[in-house]
Every structure is written in structure tokens, then in C-alpha cells.
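What follows is one structure encoded as C-alpha cells, with my remarks underneath.
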Amino acid sequence: MRPNSVLISLMLVLLATWLGLDAVSVAANRIVPGEGVGVGGIAGWPGVLTSLMPMLAVLLLAWRPTGRHLRLALMLVILMLTALPLWLVVAAAATVDPSLPQARMAIGPAVWIAIFVLLLALIELRGRVPLPSWQNGLLYLLPLLSLALSLMLDLEPLALRQEYQVRKSAFLTAIGEHLLLVSAAVGISLSLGVGLAMAMRHWPRAQRFGFTLLNFLQTIPSLALFGLLLAPLAWLSDRYDWLAALGISGIGWAPALLALIAYSLLPMVRNTYVALEEVDPGVIDAARGMGMSRAQIFRQVRLPLGLPVILEGIRITTVQGIGLTAVAALIGAGGLGRFIFQGLGQAAMDLVLLGALPILIMALLADALLAALTEKIRPGGTH
Amino acid sequence: MQTAIRRPVRPTISHWLAPLVWLLLLLGACWGMSWLEPLFRLAEPDSRDIIYDRADFIVLLGRHLQVVGVAALLAIGIGVAAAIAVTRPAGRDFLPMVSQLASMGQTFPPVAVLALAVPVLGFGNLPVIVALLLYGLLPIVRNTLAGLESIDGGVAEAARGMGMTGGQRLWRVELPLAAPIILAGIRTSVTINIATAAIGSTVGASNLGDPIISGIVNGNIAYVLQGALLIGLLALSVDSLFARLQPGSPD
Amino acid sequence: MIELIQVSKRFGDALAVDDVSLSIERGELCVLIGTSGCGKSTTLRMINRLIEHSAGEIHLEGQPVREFREEVLRRRIGYAIQSTGLFPHWTVARNIGLVPGLLKWPRARIRERVEELMALLGLEVEEFADKYPSQLSGGQAQRVGVARALAADPDILLMDEPFGALDPITRESLQDELVRLQARLNKTIVFVTHDMDEALRLADRLVVMNHGRIIQQGHPLELLRRPADGFVESLLGGADRGLKEAALLPVSQRMTALDDAPLAEQRVSQQATLREALSIMLWRHADCLTVVDAADTPVGQLSLRQLVGAGDARAAAGRTDTDQAAG
């Protein structure tokens, strides 16, 4: 049996970065730059050796990747992911001087890379170790539980957490705004998209023009589209008081929502159109041959076959919308992007993280949930 | 299975008309923005400064293109090479991980990638280039993989059975057949990168995003419009250029 | 000459080819036949090392194939497959010139060779040379595929169900073409098919495979007359066997000399098969035919009795017939 070269290279990278790069950086307050501390500086040699054990074990297991060995390696990878937050607690206790209330600890490159590499190892192992889905869910639960536990326990000095503590309510509002904007855009573009796709089916001539226009919109960079919407909206709200009363103005949620809808339309219309149009003609032919009416064919054949494709469109627009809404913070639409741009403005990197990490997690979650839903309703199971 | 295969088309001026028009509009807008002053005054009647003048538009355009170009060239080189490497027998082990990573990575919002590059690399052009490179890699890797895997089994088998070496198969059969799909990936990558680079002016890279950011900060809608106009034209020029390079695409 | 000596191929735990020994003479057209998954394609592909054998030895002109560099070996052996595998981005001419190009023939010689082959396979140079595979019909594409396999004038030709995807009429005309080509070029051909009519039509030697093993091999007539077991017999088509045998025998073999009796009205060529003669009898309600040569001169006669070989009980007795025994 050949060694699993993927796991071996991942573990070698992990070992090198874990030993070679800074694990955390510590600063006396928010203003001064942090000072890097390596793994050795936190727990001394015994600590370093302990942390190396699971990595070396995975390395050895990958040398002869039998089913049993890979399952063990998977457990070790989960163990390492679970141990990382707890290890940060230890690091905080070891490096941050408790007599300085302003002192803070930021997560360093070694830990970020460790998370990334371990997730890659997880992907690799999940592809090779068959597991029932409940066990699969449990796998991800363990590291998350440990993260929650560490945050409750004693991660006070973690800079990310401090940034959060300061703007707890602003953070929750931002998440709310973000989700609201994305779901409004997805909802509106879904109904518009279905309508447009139906119209295109009805007037084939409009189809080419429609897709050209939507492609054109999709090509324009987000910042530019937000900018181009500023002027007309400002002008409109100046002229019509009732618009202004609705809260529509050149900056704020209105241009953001409009732009988000504009971007969402292409994937939405394209997928709906494909869903309605490109059902296997043989199937439709058979349905008609059996004497199904148009309405029956639509309800019982086209819709169930097309629904997964439409859902795919919703997935694309949702994920895309979560990212674009972050940019919309620049024109005052709120959302998590605000923390990113505030943080960039103040050179406060942990504030940037406070905005960027939830956006990333939201995008991944939305993608995973909608993909799972699509898989679930796909008729005839997985293809 | 029957895919439309490109016949060699003789490139004519009219074939390149659309990108040429967009490009001329872009350059015209860069040099002749001040002529449009009366128009922009409508948007910002009370302001003294109507035309953004902290840097030449053409210089900003150059910097924008430079950042996107460097990132794109690196992304194409690394992305295509990586996809080729993991589809060769020696690298096959890495294929599942790389292809999953490439499709999962595309859920990452480009802004988040850009924002995360700053803590590591500081402000300026470097984090922008790195973020664009990393993000731009994904569609290229994914499409190159898709292109290489889409090659008809019979064709691949015949190439082997006729005694072509690995290199000959790659250069004469696999890459030419995958080229349209790879090109589509590069087009996606560059389009996203032009947009993301503009946001890069919030992290200290100077480019066509500058007038927009500065307009937002100073409440000058005319600046915003000028920046937006130029970025839009740039995106359309590049996109229509790719559309011409890539036959069979809708526009 | 190709020789397989106790060759086996293992995929994981499955034994795809099990201890196969086979020797194919120069100029022979050897057909491997069997149901799908019987290992016939695997056997073929081990000869040009598209699949490496796990045990045994394969020799080409006395030299083990493992001693060749893979590419060098394959360039010496023509290869044609069912899906044609024509490169969709190359013209017909370039596709045919592939192997000569790999062998670095001079340009002019390649062009000459391509034109020669296109003529040989009935493809108009002006019409087809610059077409792309997607513009060809199935039969035309397969002709190009065969031309490409022949391009570097290899001594050996491997054909993996090359006509399997074609309609019956095109398939038959290409089979005829192959017989005609083989008479002229005298290549060593290994041909894989699951179509027994095709196999009987083409084969000098028929090799029946099942579950990775060779069940029986020999001249088609030999197999028809003495199938080794029920599997071979069912493959040969049970009750149809008489007609299949008749299709392999020429009229000249059963005809008798002319006698004083008046010539029968219906005529048959002495090149025709017994099956064709029988068909004429059935159609014309005639029980005797006049056999003529190419110039339409009568050379003999064939009665229904002679055609069916009645009275030749010795030959019939030698035939195994598990069919009747089984009931």
C-alpha cells in the first residue's frame, strides 16, 4: 500500500510552520504593535513536544494508510482542532500579564496556518473514511464546543474577543442588517427572476437581449455599480419627499439593495430558465404522450425536475450576496463590512477579523446548507 | 458529447470592434474627463471641485491594470500548473483535495480575502496582489480541472494508444481541447479581480477605486461617478476582449 | 507474430484475464469474441501496453513487449477503437498523419501517405482532408480512424470493436472493406467484437473468451462444427448455426460437374456462399442452380441435396450437438 502523500505533505507543512512561525502576538494595549511569541515561548519544551505528538502520529499513520489507520488519523486531526482553542487559553495565561488590563493577545500565523492545514487534512480524510452523517456532524461539533468552552473559560485577553466585547450590540445589529439585506435581495431577485425567465420562455426574442443585459450588469464591478447608483437615487430622493420618507437616499441600504438585486438576477434568471427549459425533451414527450395536461406537466414534471436547479441559483446568489453586502458597507449600508472598513481605517486588524470571519462563516454555512437542501430534494437521489 | 469545435476564424477588425470601442471609450474618459465637467456639475452643483484631480486618471488606470495583470499572470501560471500537476499520475493523490478546495474557496467573499491579507502583509499593493492572486487561482484551477477531465475518454485513449508521450498528449491534445474552458475560468478570475482591486484602494493601494473612496469620504458624488464610470468601462473592455477570444460564448 | 504466454491481469481482487495463452501468426486476422466483461478488450490492450499484464509474458516478434519503451511499442502497432478517438480539434488529414508525425517523417512524405490512405479507404481528399471529425458521419469517422491506425504502415493492427457503434449497413460495408484491405496489406490483426456475425465474417482464427479465460479457439468452421461447450454454442447462435456455416462455405465446394441434363434456369456465381445459393433457391422456388464463373460461363451445377450435403453422414456424425442432447 502506497503512503498517503497528501497527508504526509500536509503534516510536514504543519510541523514546519508550527515550529517556525509565531503562534501568538502580544501587545500591552490596542495601539502598540504586538510582539510575536513562538510555540516554545508559551509552554516550553515539554509543551512543544506534547503538541508535536499527534502530528507525528498522523505522519506515521499516513505511511500505511489502511482503513483503520485513516480512521485513527481522522480522530487525531479532530483532536488537534479541538485542542487548539484550549491551547490558546493556555497561551493567553502564559503570555499576557494579568496586571495590565489593556494587554491583549492576537492569534499568530502558526495558529492560522495550523487551522487551515488541519481543515485540508479533514477534507482529505473525509473523502477516504466513510462515515454515517450523524458521526460526520459530531466531528465538526467537537472543535466548536471546545471553542465555545474556551471563550467562556478564560480567553479575556484575546484581541478578537475584546473587539467584540466593546461592540457587542453593534455586532448583533450588523449581523441582522447583513442577513436582512441578503435575504431581501435574494427574495426579490427570486420573484423577479422567475418572472423574467417565464417572460423569456414566452418571447424567445427577448431572451438574447435579456441575457446580454444581465451579463453586462454582472460584469460591472460592485464598487462601481454602488457608485453609479448613488447619483440617481440621491436625485430622486431630493425630488420626491415620499421616497426620502421611505429612507431612500443616495447612500444607505437603497443603492446596496438595488445593486445586490442587479447582481443576483443573472444567476437567478439563468438557473430558472435552464430549470424550465432544459428538461429532457424525451421526458416531456412521454408525459404528453400519456395525456398529461400542460398544467400537470408543469406541476408534476417540470417543477420537481427544475427545483434543484432553481435552488442552485438561490445558493449562488446568496453566497455572492453575502460577499457583496460587505462592500456595500462603504456606501453606508451597514452590515458586517462596516467592521472591516473601520478596522482597515484604524489599522486595527482584530476589528477587521471581527467583520471578515463572520462573513466567511456565513458564506460557508449558507453554501453548505443550501447545497445539502438541493441534494435532499433532488429527485432520484444523487447523480 | 459532440461539442462545437472551433474552426480557425480569420480575425477581422469587426471581430474586435466591441472591445476596441470600449477601450477607446475608456481611454477617452481618462483623458477627456474634464470636458464632461458640466455633466458632473449636475450631480454636485454646490461643490468647488468637480473633477477628481489628486492623480491622473490614466495613471490610476495604469496602476489598476498593473495590479490586476501581475496577479492574473501569476494566478494563470500557478493555477494551470497546479491543475495539470494534480491530473498527472504522480500528483493524482492531491486531486480530490485540490478540487474540493478550489470549489469551496469560491464561496469565500473576495472582500474577506482582501481584508484577511492585510493583517498578514500590511497595507499597500502587496496584500491586494496576494489577495487577488489567491482568489483568482480558484476559478482557474477549477476550470482547468474541469477542462482536462471533460476530454472524451476515447480521445485520451487513442492518444495513448497511438504512442504519444505524456508531454505530447498534454500539449497537443489535452490543453488545446481544454483551452476554451480554461479561458472561461481566466475570464471569471480577471473580472472578479478588477472589481476586488478597486476595493483595494481602501487598504492603501492606489488605483481607479481612489476617486470612489475619496468621493464617499468627502461626500462628493461627482468623484464617485467618475471612478465608477472608469472602472465600469475597464471591466467591460476586458470582458468583451475575453468574449472575442472565446468563441461560442453568448456575447 | 504475437505470442501471449500464460498471461493474467488482476485489477485489485478481480481477475480480469486468467492464464491466457495465444499465438497469432503473421498475416492472421484473429478475432477475440465474448460477452462484455469477459476480458477480451483487456487482452487486446495488454498487447500495446495500455494495460500492463500482471503475470505471464507477451512477445512481439519474439521480444517481450516490456522491453520496448511504451511509446515506441505503440507507434509500431496500429490501434482503432469504437469511439474512433479522433482528435476533435484536428482536421481529418492531421488526424491521419498523427503517428507519422510522431515518428518525425518529413512533411511531404506525411502528406503523400495521408492521401494514399484516404484513397485506400475511399475518402475523397478534396472533400474530407480539411474537415473536422464533428463534420463526419459515423462511418466516415471510423474510416478515418482505421486510416490513422494504418498510417505508419504498422505490421500489427489492434481493433477494439471498431464498427460497434455503426448502423448495420455501414458496418457491413466496412467489414467488407476490411476483408479487402487485409487481402491487400496482409497485416497481423487482432480484432475484438461481441458480434458473432462480424466475427465469423472476418476471422481466420476465432478465440472465444469467458470470465477471463479462453474457452475455445480455432478456425470459425471448426468452432461451428464442434463447439467446446454450451457457452460457445449459444454464442454461435444455436439453431442458426447451419446458416452461419453455409455463409462460410463457397458454392464451389459443393457443386458437381455439368452433366447431359438441361441447364437449370437460375444461376449462381461460384464465388457465392452456400447461404446465398440457398437464398436464391428459396426465393425462386428452384431446387437446382447452374453455377457460373466470373465470365458467366456455366462451370457446374448445385442441387438442393448437394447444397445441404445430404448423404455426407460421416461429417455430420462428427459434430457435437449439446443443443439436442439438452432437449
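Using N, Cα and C of the backbone, Cβ positions are placed for all residues, glycine too.
TrEMBL assigns the feature transmembrane segment to residues A:179-199, out of the candidate ranges A:11-31, A:179-199.
Residues 200, 243, 248-251, 254-256, 258-259, 262-263, 265-266, 269-270, 324, 327-328, 330-331 of the same chain lie 6 or more positions beyond the ends of the transmembrane segment (A:211-236) yet place their CB under 8 Å from a CB of it. The list of residues near the transmembrane segment (A:106-125) in space but at least 6 beyond its ends in sequence, with Cβ under 8 angstroms from a Cβ of it, reads 4, 6-7, 10-11, 13-14, 17-18, 20-27, 34, 36-39, 58, 70, 73-74, 77-78, 80-81, 84, 88, 139, 158-160, 349-350. The highest tally of CB pairs under 8 A with the transmembrane segment (A:179-199), across A:43-63, A:72-94, A:137-159, A:321-341, A:353-373, is held by A:321-341.
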